[in-house]
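Worksheet: one structure, shown below.
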């Protein structure tokens, strides 16, 4: 990988400066031997796309792909102008698998074929893909890498139980031993290892500690037949005389798996967990009041049996799982996977350990599903789930689950939330393989993704309509507030005007009352032919009008002030000015007579408003 990276760097350098690059097997990824590429569990593949010799402004966008194939991970780095077929070509060199046999899965959008350009998929920089090879032929590799490749491959063993004429499809890695196969078959058929009579093992499979990779099994599929020995004391030599194509356990192996009556333990162990422990510890308490507590015990017991690499089970009620999966924003919604466990099914342990706990399945479920579990072993728990199933999915789905036989468990229900109801997309039974389980999960995900895109579009349109409505409502509210504020301001202005008008009227009425009072209190105007001394005053108003009156010369100056006030010019607001000399009469003592203040025999006065 380091050589290939340096090669890509040198090629880019030479082309950038216009220097011809050297092309040859030493610089290509194909020059690496299969042994070198197959030894590590995770490898890297880089596709070098030669840049233009002319300087361009925009650098190509590079995409990183982490491709998972069984127990291997391959890192691929490509420009976004490459195609899906280019990825397969790189994987063909790395995995030694023909590109035509690959099913490249994990794309998030639309249908993808080998000619699809990566740029058209609008991918993020980092991506995860899966390779499925349901029709994979035996790989051709060198002897140095064949063993490691075989250890990483999965063998499909089709085991026929002779007495009941039933077939079991079992997946085992190449690193599993023949003894492990027999222990698993004991769990399925209840035939102790030392009582198993086998047909179909290759002649080279002479030791039960031998791995499947070196046992000579036909890859990828091999058929075997198992039955119960007619006599438990029958020797290995007698068995070989009855059938030359029979593989029996050795005497030492048989001694390790005696009956419980002889050793006080159950026959066989599966995946390092005693069978007695599997049968005696329930996955879920019967008649549990709280579903969350029941799921906590289920998760703990599942981990103790099958290890910590398992799906993350949602802790809570089924209604809460619906809420988490279906009722968020459309972009955040997921599928709901319901795992129905049954301890009495012969398929349960194999399904849980080899399929449900496979890293690819666990990773895919955690990314795209909310996983909820329930134990159907106890009748009370079974009835409780069927009641929940009828309430949420209808009687048809509940009846379908009710009619499932024990040996058809465990079940995996794939649920998709719809606008009006919840739809069961798929019911997966326990007799499946990892590849088939992954393909069915991906098929459900493709249906869900199409529906999710429609929901996202509808949600965006609905939010857009709601935003427009909110904006209109806000504008209408602001308009109403403005109108109300304007109306209130007008009302306040009118009220103020009314108040001022009232004050003005009251002041006018008060003035008028004072004026009338002063007018009535004035002494009568003396006649011209009066024998007493009379002073004639001519008073000019600010508007230019004149009014005259005669006063007795002995009258006090206050009488003149009262006369002027009775005409609407109170001396508090106006001053009375004399002409020759100019003087302010209102400043004089009002108790003096007109004669004393020299307003006799006649005088012209001016009224002027005070500042």
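Backbone N, Cα and C define each Cβ position, glycine as well.
The annotation compositional bias 'Basic and acidic residues' is assigned in TrEMBL to 462-472.
What TrEMBL records for 530-607 is domain 'UBX'.
Look at TrEMBL and you will find 452-472 (among others) tagged as region 'Disordered'. Note on the region 'Disordered' (452-472): residues 329-331, 333 of its chain, located 6 or more positions outside it, place their CB under 8 angstroms from a CB of the stretch.
Cβ atoms under 8 Å from those of the region 'Disordered' (516-536) belong to residues 548-555, 559, 562-563, 565-566, 594-595, 599-603 of the same chain, restricted to positions at least 6 beyond its ends. According to TrEMBL, the region 'Disordered' annotation covers 516-536 (among others).
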Under DSSP, the compositional bias 'Basic and acidic residues' (462-472) has how many residues in helix, strand and coil? 11 helix, 0 strand, 0 coil
